[in-house]
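Peer 1: One structure coming up, written as structure tokens, with questions to follow.
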Amino acid sequence: MSDRSGKFAGDDPFEIARAWLAEAEETEINDPNAMALATVDQSGLPNVRMVLLKSIGADSFVFYTNYESAKGAEIAASGKAALVLHWKSLRRQIRVRGTVTREDGPEADAYFASRSLKSRLGAWASKQSQPLGSRADLMAEVARVTAAKGPNPPRPAYWGGFRIAPVEIEFWADGAFRLHDRFVWRRETHENAWEITRLSP
Ligand SMILES: Cc1cc2nc3c(=O)[nH]c(=O)nc-3n(C[C@H](O)[C@H](O)[C@H](O)COP(=O)(O)O)c2cc1C
Ligand code: PXP
């Protein structure tokens, strides 16, 4: 018997995540879709940085980045990642762990095309995570690609989405005196049904 209700109601964790994000969009001062993305490098050393969650699909969480960045190399090597969304205004968090595939088809093209021209040119100009001599070098590269790419630059092959397909999703909501509510959805593989468990705070 589960005593889940209210903000935890429903059996589809992606629907709950979408509902919580929609609430956060009303209450956060900026970037309600900001999430910390964790990966591990080849030696097993964890790495973490913020990225923006751009969609919650039927079975996945999608963000966009440079495939040749540190995170891109770490995901390519491990095929795995974790993320956490935290909303101070709601006092809630969502944690996700899973396997990662590239989203580099029409959805990525459409997302890239939706970005401002300057952001698209920035993606062309920046060798993300590589050493950079100076800000002036970066701006010179922006000027070069602006002249070279014209008003409608295509999506670079090295820039696109990553789709995290969870095997674990935990919803956490603040409770009085640290007696928080936690529910985790777990499945051994993506083919298995979810098992839902309440966890101690
Ligand atoms: C709020 C916030 C959102 C960010 N969103 C993204 C993003 O969606 N994609 C991205 O590539 N970098 C994003 N960044 C920059 C990353 O945190 C990071 O500096 C960059 O991706 C390089 O990370 P890496 O060297 O680990 O690959 C964001 C930074 C902040 C603070
Ligand atoms: C380098 C970089 N790429 C991509 C993004 C994703 O956001 P957007 O597509 O909205 O620019 C960000 C957000 O800060 C970013 O810093």
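Every residue, even glycine, has its Cβ placed from backbone N, Cα and C.
Curation plays no part in TrEMBL annotations; they are all automatic predictions.
Take a look at what TrEMBL says about it:
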- 23-146: domain 'Pyridoxamine 5'-phosphate oxidase N-terminal' (DOMAIN)
- R49, M50, V51, L52, L53, K54, Y64, T65, K71, Q93, Q128, S129, W172, R182: FMN binding site (BINDING)
- K54, Y111, R115, S119, R178, L179, H180: substrate binding site (BINDING)
- 159-201: domain 'Pyridoxine 5'-phosphate oxidase dimerisation C-terminal' (DOMAIN)
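Surface or core, plus neighbours and distances: that's what I need for these features.
Peer 2: In the three-state DSSP assignment, the secondary structure recorded for L53 (FMN binding site) is strand. Sequence-distant contacts of L53 (FMN binding site), defined as residues of its own chain at least six apart whose C-beta falls under 8 angstroms from its C-beta, comprise L21, N33, A34, M35, F61, V62, F63, L83, L85.
All chains included, 16 other C-beta atoms sit within 10 angstroms of the C-beta of K54 (substrate binding site).
Sequence-distant contacts of the domain 'Pyridoxine 5'-phosphate oxidase dimerisation C-terminal' (159-201) (same chain, at least 6 residues past either end, Cβ-Cβ under 8 Å): 2-4, 7-8, 11, 13, 16-17, 20, 54, 57, 59-67, 75, 81, 83, 90-104, 107-108, 111-112, 123.
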Peer 1: Just checking: which of the binding-site residues R49, V51, L53, K71, H180 have a C-beta under 6 Å from ligand 1?
Peer 2: R49, V51, K71
Peer 1: Identify which of the following binding-site residues, namely L53, K71, R115, S119, R178, H180, place a Cβ less than 6 Å away from any atom of ligand 2, and list them by sequence position.
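Peer 2: Among L53, K71, R115, S119, R178, H180, near ligand 2: R115, S119.
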Peer 1: Which one is closest to R115 (substrate binding site) in space, judged by CA to CA distance, out of the binding-site residues V51, Y64, K71?
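Peer 2: Nearest candidate: Y64.
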Peer 1: Measure between the Cα atoms of every pair in R49, M50, V51, L52, L53, K54, Y64, T65, K71, Q93, Q128, S129, W172, R182, the residues the record assigns to FMN, and report the largest value in Å, rounded to a whole number.
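Peer 2: Max Cα-Cα spread across the FMN binders: 36 Å.
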Peer 1: Tell me the Cβ neighbour count for S119 (substrate binding site), meaning other Cβ atoms within 10 Å of its Cβ, over all protein chains shown.
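Peer 2: Result for S119 (substrate binding site): 10 other Cβ atoms within 10 Å.
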